[in-house]
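Peer 1: According to TrEMBL, the record shows the following:
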type	residues	note
BINDING	Gly113, Trp114, Thr115, Gly116, Thr117, Gly118, Lys119, Asn120	ATP binding site
DOMAIN	283-329	domain 'Torsin-1A C-terminal'
SIGNAL	1-25	signal peptide
Amino acid sequence: MKLRRGALRAALALVLLPLLTPAGAVEPISLGLAIAGAAASALTGFISYPRLYCYFRECCLHRHDQRAAAALQENLDKKLFGQHLVSKVVVKAVRGFLNNTNAKKPLALSLHGWTGTGKNFVSKIVAESIYKRGLQSKYVHQFVATLHFPHAHSINLYKDQLQSWIRGNVSICPRSLFIFDEMDKMHAGLIDSIKPFLDYYELLDGVSYRQAIFIFLSNAGAEKITEVALDFWRNGRTREDIQLTDIQNALSVSVFNNKNSGFWHSTLIDRNLIDYFIPFLPLEYRHVKMCIRVEIESRGYTVDEDIVSRIADEMTYFPREERIYSDKGYLAQGSSIW
C-alpha cells in the first residue's frame, strides 16, 4: 500500500506543480499535457490497486482465504450452540478447501437435521465469512426447492436452467457459493443435473469448477440423528462424545434410500461427490436458554434469568416422556421469542 500512496502523492504533486513553478519556466500547454498524463497514470494505478477497488466494489473472493477461515471459526464459536460436530467439521472442511491451491473438485457439504437446529444459520455464517455482503453477495446463490423448482412436470426445464446458472456464474467467479435449501422437498433426479460440476474434472467446456462451494440443506436423516443422540443419552454418554464417524455413514445411507430426500438414489452420493454429511443434533433445554439469552441481548435488553427460564419452559420437548430435545430448535436465531 505504501507504493500506491507514493503514486498518489506523485500525482498530487504534479497537479500542484503549476502553483509552485515560476511563471514562464515551462511552456503551459506542454506542461498541462504532461501533468494530465502523469496524474492520470498515477491515479489509474492507484485506483486499480485490487484492495482499493474491492473496498468500493465487491470482488470475487472478497476476503483472503485465511481471513475467511478465521472469521468462520470466530462466528461459529460465538453464535452456534449445541453443535460441536458442525463447528468442527465445517471449519475443517472450509478452511482446508480455501487454503488448498490445487483442489481436485468443488467442496460439497450436506447439512442434515430437524428444522431450527441451525442449518440455514450456518450456511449464512459461511457466506458472511467468505463475502462481506454474505447472502446478499452477487457471488452467493440460494435455491429453495419449493420456490425455484415447484413443479414436477418442469424438471427438464429446471435442469437446463440450473446448469446454465451455475456455468455462467462460475465463469464470472470461480469461488461462487451455491446453497440448496429444502433438499428433502426437491424432486428426485433434479439435483443429479449438477453432478458434472461436482466431479473430478479439470475443465468442463473450458470452465473449472474446482474452487466453487456447494451446500445442501435437508431435514432428511433427522430421525437417524436423533436416534444416535438418544442412544448416547440412554447409555449415560454426553452429546459431546458423539463423533462424526458415529453418524455419517448411517446418515448418508438413510438419505440415499429416502424417497423424499431429494438425494434418493442420487449419483452425487453413489459417486461419493458429497465431501461431508454433517449432522445437526437436536437441541437440549440448556441450548435453548443460550439462544434466548443471545436474542435478548441482541435487542438491547438486560438478560433476566427468570425470563430466560420462563420462555424455555414454555417450549415443547421430545420424546414425550424424557422431554430432552426442543421441537422448535434454534428459536432465537432469526425468530421472535416474544
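Glycine is no exception: its Cβ is also placed from the backbone N, Cα and C atoms.
TrEMBL entries are annotated by machine, without manual review.
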Peer 1: Do you know the mean pLDDT across the domain 'Torsin-1A C-terminal' (283-329)?
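Peer 2: Mean pLDDT, the domain 'Torsin-1A C-terminal' (283-329): 90.
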Peer 1: Measure the Cβ-based neighbour count of Lys119 (ATP binding site), defined as the other Cβ atoms within 10 Å of its Cβ.
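Peer 2: Its Cβ has 27 other Cβ atoms within 10 Å.
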Peer 1: Pick from Thr115, Asn120: which of these binding-site residues has the biggest number of other Cβ atoms within 10 Å of its Cβ?
Peer 2: Asn120
Peer 1: Quick one: give me the count of other CB atoms within 10 A of the CB of Trp114 (ATP binding site).
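Peer 2: Its Cβ shell of radius 10 Å holds 24 other Cβ atoms.
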Peer 1: Provide the number of Cβ atoms within 10 Å of the Cβ of Gly118 (ATP binding site), excluding the reference atom itself.
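Peer 2: Excluding its own Cβ, the number within 10 Å is 28.
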Peer 1: Using DSSP, what's the helix, strand and coil tally for the domain 'Torsin-1A C-terminal' (283-329)?
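Peer 2: The composition, in the requested order, is 24 helix, 5 strand, 18 coil.
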Peer 1: Among the binding-site residues listed here, Gly113, Gly116, whose Cβ has the fewest other Cβ atoms inside 10 Å?
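Peer 2: It is Gly116 that, of the binding-site residues Gly113, Gly116, has the fewest other Cβ atoms within 10 Å.
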Peer 1: 10 Å Cβ neighbour count around Thr117 (ATP binding site)?
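Peer 2: Result for Thr117 (ATP binding site): 29 neighbouring Cβ atoms inside 10 Å.
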